[in-house]
Amino acid sequence: MVSKTFLMVKPDGVQRQIIGDIISRFERKGLQLVGAKLMRVTTELAEEHYKEHKGKPFYENLIQFITSGPVFAMVWQGENVVDITRKLIGKTNPKDAEPGTIRGDYCLYVSKNIIHGSDSEESAVREISLFFNEDEILEYNKDIDVWIYKS
Ligand code: GDP
Ligand code: MG
């Protein structure tokens, strides 16, 4: 099923200037970028986004980190996009993330793991609506899709 997901290059990824590399990985898989912006996450937005982790030992640090500099927020669309992007991102802790995944290739610590990706269809819908207005998400056709999608 074609659906959308929310992906975000965290402040460490923006500072390390790997936004382009990360976008390339999703583009070459055949996924479609339908929304994107460089932005700062307010403490209020960070707390809402990460509310499932409130009370955990790493929560305060996580909120501090995600608000510490600009992030690059994106909406991607495609077949099974939530599962596929989670696979391309790799395990939460970079020490367990396989080589070839983004976290496996670019980082060392769980507290600086470069990228966020929604973990389910429900969180994707919730997170997209937290970060994007409807008019910031575009619908457009790509002729190349006849070579990517089955008929
Ligand atoms: P994700 O969906 O793979 O990003 O992982 P989670 O939803 O479980 O956690 C959200 C974010 O919190 C992770 O991406 C990490 O940046 C951070 N985090 C998760 N677990 C830990 C932990 O045990 N220690 C620290 N320092 N940070 C963590
Ligand atoms: Mg998560």
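Every residue, even glycine, has its Cβ placed from backbone N, Cα and C.
Since we're looking at a predicted model, the values are computed, not measured.
Going by what TrEMBL states, the ATP site holds K10, F58, R86, T92, N113, and the candidate of R103, R126 recorded there is R103. Considering only the recorded positions K10, R86, T92, R103, S123, the residue whose Cα is spatially closest to the Cα of H116 (active site, pros-phosphohistidine intermediate) is K10. In terms of local Cβ density within 10 Å, K10 ranks first among the binding-site residues K10, R86.
The distance from the Cα of F58 (ATP binding site) to the Cα of S123 (phosphoserine) comes to 20 Å.
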